[in-house]
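Listed in TrEMBL for this protein:
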- 13-90: domain 'ZAD' (DOMAIN)
- C15, C18, C63, C66: Zn(2+) binding site (BINDING)
Amino acid sequence: MANVVVITPVFNDLCRLCANKISVLMGTPIFDREGDTKQIPQKIATCLPVEVSPTDKLPKMVCENCVYKLDMMFEFREQTVKTESLLSDLLKEDDLQ
């Protein structure tokens, strides 16, 4: 009987958000000091419909491209929240006059 080799992706080499292959040097660990400094877990929870946990069995790295996109999404979300508040305040002021 011939040996069958099954090739499965090594999860540690894949980006958690896009599944592109990344090296340890080119990715940001989600749950270490760098990930905490960049607020990666919080940004994922705030902006994306996925859950990440240090105890799940999925990859724990995010590629540079996804970190950039996550930063842009988070900044845009924060901007829209501030704008909504500002516009609501302006509307309240207008209603008082």
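Quick reminder: no glycine exception, Cβ is built from N, Cα and C everywhere.
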Model confidence over the domain 'ZAD' (13-90) (mean pLDDT, whole number): 94
With helix taken as DSSP H, G or I, strand as E or B and everything else coil, how many residues of the domain 'ZAD' (13-90) land in each class? 44 helix, 9 strand, 25 coil
